[in-house]
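For reference, the structure is listed below as structure tokens.
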Amino acid sequence: MATQTNFDLVLFGATGDLAMRKLLPSLYQAHAAGLLHPQGRILGVSRSNLTTEAFLQKVEADSKIHITRYFNEETWQTFISRIHYLSVDATKPETFAHLGDKLAERPETDNVVIYLSTAPKFFMPVCENLAKLGLNHPKVRVVLEKPLGTDLQSSQEINDAVGKFYQENQIYRIDHYLGKEALQNLLVLRFGNVMFEPLWNKRYVDSVQLTIAEKLGVEERGEFYDITGALRDMVQNHLVQMLCMVAMDAPSSLDADAVRDEKLKVLKALKPFSVESVSSEVVRAQYSATETEQGCCNGYLQERNVPESSRTETYVAIRAEIDNERWQGVPFYLRTGKRMADKVAEIVLNFKALPNPLFTEGSPSANRLVIEIQPFESIRFHTQVKTPGAGSRVETAVLGMDMAKEVAGRRQEAYERLLLDVIEGNLALFNRRDELEAAWAWVTPIMENWQADKAPLHLYPAGSWGPEAARALLARDGNVWHEEQ
Ligand code: BG6
């Protein structure tokens, strides 16, 4: 069913990597599924001086290849007829006039979505120039792509700058992890099933692990990555948001602010680090070159556009605690890394052993809930079962559900879901300013510790599960990472 919302979507940074790899393919999927209003337009904008035809040739060459499902040439042709291109330079006010004229062609639109897939330094001039044309009226929504700053102060500056021209309820700060189906399903699993919610607290949960591991290295993004690092690229946003979804209390409704209020409470209850405590609670590491039977694998320092002496982290592991009634004393282990052994994002809850166990030789990997977010969506509970035959030995067997098999329906890519939400005006899966700033505040002592080079930068072989120090971080509590058990 097409959405009832008649939109114009203005995509700044339209020739960039994200637009080509993710945004346009996601819009194609929404179009192919009949989810876009028939008159909705996509106005690609960037500094390059291109005609619409030339832009479409680029889309044909660079974007179409990223559509892996539901491709159909006829549908593609109808999709690209929605696209127009305009050359606009963020820093030159006079170049905005024709964008204003283009939008004025259709006064009947329900809303105008301005998607800023550009470096944050352009957010302020773009918003200012749009406002000069009156393009900040209540029908306009502005989407901000990460990274939203490099620390708390720069994030506040960006928010202040955009906030001068747009109200908070017009601002959509994207974290694409929140658009992932499995993360949304987590709320249903937790709050919709009697078996989970009563156990979801310090009384029953021993520890929690959150992992986002990637197999790829930094590829062509060395220049960006080297000034960013894993903490800013993955922890401050994706991992922290995952943590909020796991730890939050039930919101009073699914309204955007009800959900965001609960996430904010988690962020505020996160035990703060001091610059000193970072050295014992946080591990940073960088991948080093390895040689395997399949060939050799570059270390981070050999990647393109990475300085030979770089101390940028490509891996982070954190032992966090949440100081509230529900979670006091339960360690939350967070980790993310590039060039790891596998690509996987998952949440693991280890439940406490039952008191007075009858089965003393119980399996240590049982009583564990594993929620895989990607590449496959699944929920598995590792249970203790009796080993068949004489005696009372027990072993672990897995009670599992593969979502793709069990639940029919077309799965949306995160960006498709989020783009449709912006068009529809649903803010629930976007970060509010206070959430974002609370996340920056929490990682600030980590950045300060590393800037002062207080904690060591460990190495881990490319293609491995990370450094020894991350193993030791858990061993201190008598725990091990999930894949090692
Ligand atoms: C992005 C990071 O936000 O998320 C990338 O900038 C990372 O470095 C990517 O590769 C991971 O997203 P996904 O959806 O592939 O897990």
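Quick reminder: no glycine exception, Cβ is built from N, Cα and C everywhere.
For the substrate site that TrEMBL gives as H176, K180, E214, K338, K343, the extra residue drawn from D151, D233, D249 is D233. Checking the binding-site residues R47, K180, D233 against ligand 1, the ones with a C-beta less than 6 Å from an atom of that molecule are D233. Looking at K146, H176, K180, the binding-site residues in this record, the fewest other C-beta atoms within 10 angstroms of the C-beta turn up around K146. Fewest Cβ neighbours within 10 Å among the recorded positions R47, H238, K338, K343: this applies to K343. Checking each of the recorded positions R47, K146, H238 against K338 (substrate binding site) by C-alpha distance, the shortest gap belongs to H238.
D233 (substrate binding site) is surrounded by 22 other CB atoms, counting those within 10 A of its CB over all protein chains shown. Distance from the CA of D233 (substrate binding site) to the CA of R47 (NADP(+) binding site) is 26 Å. Distance noted between the C-alpha atoms of K180 (substrate binding site) and H238 (active site, proton acceptor) is 11 Å.
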